[in-house]
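According to TrEMBL, the protein carries these features:
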type: COMPBIAS; residues: 555-567; note: compositional bias 'Low complexity'
type: DOMAIN; residues: 242-507; note: domain 'G-protein coupled receptors family 3 profile'
type: REGION; residues: 540-573; note: region 'Disordered'
type: TRANSMEM; residues: 242-265; note: transmembrane segment
type: TRANSMEM; residues: 280-300; note: transmembrane segment
type: TRANSMEM; residues: 312-333; note: transmembrane segment
type: TRANSMEM; residues: 354-375; note: transmembrane segment
type: TRANSMEM; residues: 400-423; note: transmembrane segment
type: TRANSMEM; residues: 435-455; note: transmembrane segment
type: TRANSMEM; residues: 461-484; note: transmembrane segment
Amino acid sequence: MLHFNGSSRSLVAEFWEAHFQCHYPNSSRTPYNQNFPGTCTGQETLTKENMAFEGQLQFVSDAVMAFAHALRDMHRDVCHGRHGLCDAMKPTKGTELLRYLRKVEFEGLSGDNFRFDPQGDGPARYNIIHFKQVSQGVFRWVRVGEYWEGELRLNMSEIQFKLGHPQPPESVCSLECELGQAKKYLEGESCCWHCFNCTQYQIRHPTDETQCQLCPQGTVPDQRHTKCEPIPEEYLRADSGWAIGAMAFSATGIVVTALVAGVFLRHHDTPVVRASGRELSYILLLGIFLCYAMTFVLVLKPSDIVCGLQRFGAGFSFTVVYAALLTKTNRISRIFNAGKRTAKRPSFISPRSQLIICSGLTGFQVLINAVWMVVSPPSAVHHYPTRDDNLLVCSSSVNASYMISFSYPIVLIVICTLYAVLTRKIPEAFNESKYIGFTMYTTCVIWLAFVPIYFSTANNIAIRITSMSVTISMSATVTVACLFTPKLYIILVRPERNVRQSMMPVRYSAVRGPRHQSISGPTGVTSSVVGAGNLLGVLPPNHGMESGSHSDAGHSTNAANNHSSTSKQLTTRGTQTLNCVNNAEKHVTINNTTHTMGNGPQYVQAVDRPLQETDL
C-alpha cells in the first residue's frame, strides 16, 4: 500500500494524477490533467488490487532491490550497526560491492525468488505468450508456458498455429525415417537426408542409422524391423502324419517278422526249415527286424547320439540282410559249379563256415562305420536351405554322406543280384534261388526310385526322412514276402509236404525185386540193376547238407554200405553194362541218354532228374 500527498512536483505526482484521474491544487495545468474533473485529496492509496503494473517493471524493481540488499549487507559488515554512512563505506570499491551483490537473495516484485547465478546473471524468467486466433478474425495474446531456471514448460493444448489445427507444422528438412529404413544424407547437407528401405532380411543398424544390417542365418527381422529373431527350428516330429504312417508300417513289419521267427523256431527240425539254412535264416530275420526298427530311430529329434545311431544303423541293418542273402546265393552257386567239374565236396559250405562268411561281410560294414565316426563325428546341426528355413538335421543328411553308409550294402546288393542271375537255371527244386533273385530285382527297383526322391527333397526334411524309412521298410518287406512266405505256406497250410520225400520231387519208375531191378527211363530204355540194396548214384550222402540233415544221409550211407561190399552191376536191355560204386557220383549214359543214379528209401532207382536240393 502506497500513499502520496502531492507535496512535490515529480514524475510520481504526474503518475498519481493520471492513475486516479484527478489533479493537485498546486499542480500546473497540463494537456493531461486539465481534463480531470476532480481534485486529488491526498488520501488516494495505491494497492495491488487497483493497480496492474507492466510486466517488465519487475526487472527494474529487482535491479534496485539487488543493490539495496547488497548495500545493506555491506553496511552491516563494515559499519557494525552504526546508523548512516560510516567512514569505512565512503571509499567503497566496486569490487567489494560486487562481492556482496553476487550473494544477495530476496523475493522480487513478482513474488519469485531472486538471486544471481555463478556467472553473475540474474534468473532467466520468461512467460511464453501465444498470439492465438480464438475465433474467425479474433486474435488474443495467451500465456501458454514459461521458462524458469533453465526449464521450459509449455501447455501444448493452448498452442494453435491455425484455427482448428492444434498440431504445430513440421519445420524440418527431412522427416524421420520409418521402421526398417536407413538414412542417406544429401551431399553437403547435415540435416537433410533420403530414406531407403532395408531388404526383407535386413534391419537398420543399431548404432549407424545410415546402414542396414543383414540378419544372420536362422534369424529374420521382427515386425518392427528393429532386431533379428530366431526362426523356430523344424524337424520330423514323432506326432506328425508322416512319422505316424512310417512307424505304423514298421510296427506291422516287426510283428510279422516276430511271427515268422516264432514259426521257424517251433518247426526248427522240419525239412523245410533245415533245407532253407536255419542259421542264415535267423540272421536274415534279425537284419529284417533291424531294418524295421530303424524307422523309430529316424523319427527321433536329432541329437549327436541319435545321429550316430542313424548313421550306424541304416547301413548296418542292410548289410546284415544282404550279407546273409549273398552267403546263400554264393553257397548254391559254388555247389553246382563244383558238381559240374568234380565229385569232391566244395569247401566252406557247412553252417559254421556260412556263419563265419556272413559275419565277415557284416564286420566290414562295422569297420567302415567306425572309421567314418572317427573321421567325421556325427552331430546335429541347423541347416538353412532357404532364408526362411531353420532345419534341425543330422550333418550326414545335409551333405548326403549317408551314401557312405549305403555304399557297401549297395555293393552286396549288386553282387547278390549277379549271383541270382547266374543261378536262375538251376534245378527246379532249388526254387529258393528263384525267390532270392526276385527279391534282389525288386530291391534294386526300390532303391533306384529312392535315390532321386532323397536328393530332390533337401528342403523338405519330413519327406526326406520318411522316404528313407519307408524304403528301408519296403526292402525288408520284400525280403520277408519273397523268401519266407513260400516256406510258411508249406509249414502251416500244407504240412503233408513238409517231409523229406516232398523235398525230392523226381520222375522215375521202379520195379520191386529182390536182387534184380528193372527200371524204365524217360526214353523207354529199360535198365536192370544186378546186385541188391540202395544204390547211391548222385553225390556223397553228406555232400552240401546242413548239420540237421546228417542223420538221414548217414542212414542212407550205412544202408548202402551194408548191401555193397563190391561194386553193383547195372545191366541194360542192349549191349551196355556199367559198374557203379556206392557213394560215388555217377551219371549213366544209356542209349545216348544220361541218367543219374539215385538212392531210394527201399528200392534201387535210376532217376531221370536234375540235382535236387536235398541232395546237398
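Using the three backbone atoms N, Cα and C, a Cβ is placed for every residue, glycine included.
Any TrEMBL annotation is an automated prediction that lacks curation.
Here the domain 'G-protein coupled receptors family 3 profile' (242-507) has a mean pLDDT of 85 out of 100. Counting Cβ pairs closer than 8 Å and at least 6 residues apart in sequence, the transmembrane segment (435-455) and the transmembrane segment (312-333) reach three or more and so form a contact.
Taking Cβ pairs closer than 8 Å, the transmembrane segment (461-484) reaches residues 234-236, 240, 242-243, 245-246, 249-250, 253, 256-257, 260, 281, 284-285, 287-288, 291-292, 294-295, 298-299, 314, 317-318, 321, 325, 391, 393, 397, 402, 432, 435-436, 438-439, 442-443, 446-447, 449-450, 453-454 in its own chain, all 6 or more past its ends.
If one looks beyond the transmembrane segment (280-300) by at least 6 residues along the same chain, the residues whose Cβ comes under 8 Å of a Cβ in the stretch are 236-238, 243, 246-247, 249-251, 253-254, 257-258, 260-261, 264, 273, 306, 309-310, 313-314, 316-325, 327-328, 354-355, 358, 465, 468-469, 472-473, 475-476, 479-480, 483-484. Residues of the same chain lying 6 or more positions beyond the ends of the transmembrane segment (312-333) and with a Cβ under 8 Å from any Cβ of it are 277, 280, 283-284, 286-288, 290-291, 293-294, 297-298, 349, 354, 357-358, 361-362, 365-366, 368-369, 373, 402, 404-406, 408-409, 412-413, 415-416, 419-420, 422-423, 426, 430, 432-433, 436, 439-440, 468, 472, 475-476, 479, 544.
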